[in-house]
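Student: Next up is a structure, given as structure tokens.
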Amino acid sequence: MTARSIKLFFARWKYLMFACCITYLLVIYAPISKSEQKDWKEGEIELSNDHELDVPILQKEELKPQQRPSFEENVPKKKTFNFNPVGKEPFDVEEVLTSSDIKLEERMTATVIPGQKRLILSWNAGHSQDNLQGCPDWNCEFTQVRARAPDADAVLIAHMDNDFVPKPNQYVVYFSQESPANSGIQIPRPDYINMTLGFRHDTPAGSPYGYTVKLGAKSRKTGQVVDANLVNGKAKGAAWFVSHCQTNSKREDFVKKLQKHLQIDIYGGCGPMKCARGDSKCDTMLDTDYHFYVTFENSICEDYVTEKLWKSGYQNTIIPLVLKRKLVEPFVPPNSFIAIDDFKSVKEMGDYLNYLMNNKTAYMEYFEWRHDYKVVFLDGSHHDVLERPWGFCQVCRMAWTEPRQKVLIPNWDAYWRQTCEKDGTLVDSIPLD
């Protein structure tokens, strides 16, 4: 369009354009009538009620940084307990990994009456007052004097003795750290025993060989948690320390099959290699030479996890190999072990283990748990706060409950004898290829 055409356009339509502008301004700036205001407000209220909207309008002063709500402050902090074991570094504990419903706070607290004591009698299970050193402030006395049985709050038995007759309101505690496949007790009636003191977690007096804690925030670790140079120096496959050669689980059969795909050095009475018990060099070579440690149990029973896993498997820089995932997973750190039932065949497992040996980055991922968790090994010879949440201290705690907490194993056979797999069930189910 030329300049002349534009000039003619405005000359012809200028009055109409001026009128349109005036009309527009009147519409925009003219005041709303009272009836219109009422209609508008009613519509707003109706909308608010229909949708239940209640949105506060923040003034400028409410937006100042120091007045903004802190979401971290609103999240309740979990209570932690400080563990200060003898001769070791103290650490804060947020929770213990267990299948039991008894929380850590309950485990760590006893309602003690000043000036009074509670009595624990070992009828034929051994032990001594030293086993209560994890909770000396709970005022429990340990005795092996059978004449004091009528006064005992709890009585430990390792096998039946007809001379012992339980009293009402008295806990009968069965002590055993052996697999149900290799141990047992003949009892006069199915509900004779109140609780067990041993590897089982589903009992108030559970006393495993070790346990895992989730660390409190102050005790968690940052940065590198494993020595990369140590891992890079490893060259061998797996080590196995074993003296029980024929077992219910048939673990020896699986190891023989796996040896076709992975180097497994067998130490002890069941293999050609020797390493004396208690020799520190044995632990050192697990750190420096081997990638994996065989922790297969002699039988597959509920909660049955022994010192093989807790000591050599987790106190060294090595990945433990276990038989069945569901038996150990509730009690150990996440992504910290390898189970044979994770694989479709023996060969598939061997291939994966060889892959980890050749991929140190993937191998080291199995130690990431050390940032947030700690594994405690209970060797049975040192008694301190590490034992407080378990075993004898928990029998002591139960003895202080008022009214006396009712605990009962209603069917002993179902609880003990019927919790093991038939011999070789798992091993026989895994094909070679």
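Each Cβ is built from the backbone N, Cα and C atoms, and glycine gets one as well.
Okay, so Swiss-Prot annotates it like this:
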type: TOPO_DOM; residues: 1-12; note: topological domain 'Cytoplasmic'
type: TRANSMEM; residues: 13-32; note: transmembrane segment
type: TOPO_DOM; residues: 33-433; note: topological domain 'Lumenal'
type: CARBOHYD; residues: Asn194; note: N-linked glycosylation site
type: SITE; residues: Ser243; note: site 'May be important for donor substrate binding'
type: SITE; residues: Tyr267; note: site 'May be important for donor substrate binding'
type: CARBOHYD; residues: Asn359; note: N-linked glycosylation site
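Help me picture where these features are in the structure shown.
Tutor: The Cβ of Asn194 (N-linked glycosylation site) lies under 8 Å from the Cβ of Tyr171, Val172, Val173, Val407, Leu408, Ile409, each of these being in the same chain and 6 or more residues away along the sequence.
Take the CB of Ser243 (site 'May be important for donor substrate binding') and look out to 10 A: across all protein chains shown you find 10 other CB atoms.
The Cβ of Tyr267 (site 'May be important for donor substrate binding') has 18 neighbouring Cβ atoms from other residues within 10 Å, across all protein chains displayed. Following the DSSP three-state reduction, the secondary structure of Tyr267 (site 'May be important for donor substrate binding') is strand.
Shown in sequence order, the list is empty: the chain has no residue 6+ apart in sequence with a C-beta less than 8 angstroms from the C-beta of Asn359 (N-linked glycosylation site). Under DSSP, Asn359 (N-linked glycosylation site) is assigned to coil, being neither helix nor strand in the three-state scheme.
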Student: Helix, strand or coil: which one is Ser243 (site 'May be important for donor substrate binding') in, per DSSP?
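Tutor: Reduced to three states, the DSSP call for Ser243 (site 'May be important for donor substrate binding') is coil.
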